[in-house]
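Asks: Have a look at this one.
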C-alpha cells in the first residue's frame, strides 16, 4: 500500500506544470490513515460497526417518533428531524472512508470530492442551526410556559425546521463554488479522511486569501453565533429552573437541558478546534482525529445522550418493537 501511494504521489507531482488549469487534476487521493493492512482491517471493522449503530439508533428514534402520535409535539418533532439529519450527516463521509480502507488507490473524483465537501458542511451547518432552535424551544417551554402553546405552534415549528435545512444548505454554497474554481495542478494527495477546506487550500496552485478568509469567517459565524445563542438560552433556563419551587420539576428540567448541553459540548468543541482556529497549525493527525470525533462519535452518542434517556421515547420504542413482534 505504501509503495502504491508513493507511486501515486510521484505521478501526481508530474501531472502538469504549475499554473496549469484546475482541470488537469481529475481526482484526489484521500490518504486517510497510513498504517499496516491489519490495522486498516481493524479500523474498517470498527468504523463499520460504529456506522451501523449510528444509523440504527437514529433510525429507531425517527420511527418511534413517527409512529407515536402522542409525541407529535414541537420538542419531539425537533428531535426527530435532528436524528434524521444525523443519519445523512454520517452517511455523507463514512461510506467513502470504509471503501478507502479496502482500496489501494484511495481516490475520489474531483466532482465527488466537492460534493462530499458540500453535503458534509451543509448538513453540519443545519445541525448547528437545529441545535440552536432546540435550545430556543426549551427556553420557551421553561421560561415562558404560558405563552409556549401560542408561540410554538405546529406551523411555526415546521417553519423553523425548514429554515434550519435551507440555511444550512445555502451557508457554504458560495465558498465551495469559489474553492472548486481554484487552480489545482498537482500534487493531488489530501492527507485527511474527508475533503476538507484546509488541505484543499494547501493543494491549490495559487493562493486565494479572500476565499480562505470568507470560508473561516462563515465557519466562525455559524459556530460561535449558534453556540452563544445556545449558551444564552440555557443561562436563562438555568435561572428559571433554580427559581422552581418543585424539586421534581427542577430535576426534569435539568435532565432535559443536561442532555442537550452534553450534545452541544461534544459537537461544538471539536468544531471550534478545527474551523475557528486555522492559525494554530494543527497536525494532520489531530485534524483527522477531530474530524472523526464530530463526524462519527457525536452522531453515535447523540441517541444515547439526548433521546434514549427520555422515558417517552423509550416507551415509544418498546411500543414499536412490540408491534413488530406481533407482525412476525
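Note: Cβ is positioned from N, Cα and C throughout, glycine not excepted.
Per TrEMBL, the feature transmembrane segment maps to 41-66, 78-95, 115-136, 156-178, 221-242, 254-277, 289-308. Among the features that TrEMBL reports, domain 'G-protein coupled receptors family 1 profile' is placed at 57-306.
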Asks: Counting Cβ pairs under 8 Å that are 6 or more apart in sequence, does the total for the transmembrane segment (115-136) and the transmembrane segment (41-66) reach three or more?
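Replies: Per Cβ check, the transmembrane segment (115-136) does not touch the transmembrane segment (41-66).
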Asks: If we skip the immediate neighbours and take only residues 6+ beyond the ends of the transmembrane segment (41-66), which ones have a Cβ under 8 Å from one of its Cβ atoms?
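Replies: Sequence-remote neighbours of the transmembrane segment (41-66) are 33, 35, 72, 76-77, 79-80, 83-84, 86-87, 90-91, 94-95, 97-98, 101-102, 296-297, 299-300, 302-304, 307-308, 313, 316-317, 319-320.
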Asks: Give the one range among 156-178, 221-242, 289-308 whose Cβ atoms make the most pairs under 8 Å with those of the transmembrane segment (78-95).
Replies: 289-308
Asks: For the domain 'G-protein coupled receptors family 1 profile' (57-306), what's the mean pLDDT in this predicted model?
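Replies: Within the domain 'G-protein coupled receptors family 1 profile' (57-306), the model's average pLDDT equals 85.
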